[in-house]
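What TrEMBL records for this protein:
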type: REPEAT; residues: 20-51; note: repeat 'WD'
type: REPEAT; residues: 195-228; note: repeat 'WD'
type: REPEAT; residues: 238-279; note: repeat 'WD'
type: DOMAIN; residues: 281-352; note: domain 'FYVE-type'
Amino acid sequence: MAAEIHSRPQSSRPVLLNKIEGHSDGVNAAVLIPKEDGVITVSEDRTIRVWLKRDSGQYWPSIYHTVSSPCSSVSYHHESRRIFIGQDNGAIVEFLISEDFNKMNHVKTYPAHQNRVSELIFSLESQWVISTGHDKSISWMSTQSGSMLGRHSFGSWASCLQYDNDTQHAFVGDYSGQITLLKLDEQTCSVITTLKGHEGSVGALYWDPVQRWLFSGASDHSVIMWDIGGRQGRTLLLQGHHEKVQALRYLPLTHQLVSCSADGGITVWNMETTREEAPQWQDSDSCQKCGQPFFWNIKQMWDTKTLGLRQHHCRKCGKAICGKCSSKRSTYPIMGFEFQVRMCDDCYDTIKEEDRTPLATFHEGKHNIAYMDMDPSRGLMVTCGSDRVVKVTHSSLSF
């Protein structure tokens, strides 16, 4: 719910336009209707609701539809007004919404998964509905015939999904912290690569097809930008949250990334600036600064008659160091560290004050954020979560 975002976030406050209440359980997704003062919500209370803004300025439900199982995810295609709802029982239900948004007709039910649908995407170009589920699989089904075209299984829950229409590549994040890149074809698929970088379950993905950047957010509180198009394995680590990251959106016109976390934190990252990759952590049996042995280095401990020390790592150079040689802490935004992190004494001394200038701004959504959608052309953002509240805010992003 960040709005009027400036370089000094403490002096700017989010502009809350509307608060939508009335759900009896957590709201799993909320989508802004393009060119309309409307919001579509799906909830754990088994309802699909279309909210339209009335003359009073408040949102009231023009469609209130109940299905057989809790609604876990949604994909809405505005041009055709087709809406696909993922459910806790593994099914996907397709509806067609009327032009006046007052009626919704059932089209098909797709038996996509054996367990909860975690995310789904409708591709008009492919005429597929692609989905991931807690049955540890991705499936893609024909929206023309309603039949299953293909399925691929993973080693853990598939938690989030992105899809590139032009190349038919799918990105799947899972609970082990991995992201799998697959090429989908009619009835078959091939695994292209697996991206490993998170230390916790992946909770959100966002794909920008122009820059060919993939953004991922995880329960390790971090965001990673994967430069898929560069084909050099370049990754940028972004650390600016205190809780698990659950929603992402890249804004190409302003070169900004918006990330939201479970505690309501909203971070806006400047992606136009030149950034540096964080180093890989080095392995060593002794401190790479003073040479003191780490506690598993029994031989050196015995030879030098000293106690082993705990191993740490400098976030700037990646060297393995002891606590005495890394007593300093600093931010280093150019490498994605917006909060203070451990530095070895040598690296700390090289950091100038201008190097600590933030490259992100921080804002409070003031409620649990499990899902976020934006309409940059109107400066609108909608957020929802387990507190059953949907918030529509103005979010004119600028650094």
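Using the three backbone atoms N, Cα and C, a Cβ is placed for every residue, glycine included.
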Counts of helix, strand and coil residues, the repeat 'WD' (20-51), according to DSSP: 0 helix, 18 strand, 14 coil
Intrachain neighbours beyond the repeat 'WD' (195-228), with Cβ under 8 angstroms and 6 or more residues off its ends: 157, 159-166, 171, 173-181, 234-250, 252, 257, 259, 261, 269, 271
Mean of the pLDDT scores, which run from 0 to 100, over the domain 'FYVE-type' (281-352): 89
Secondary structure content of the repeat 'WD' (238-279), with strand meaning DSSP E or B: 0 helix, 21 strand, 21 coil
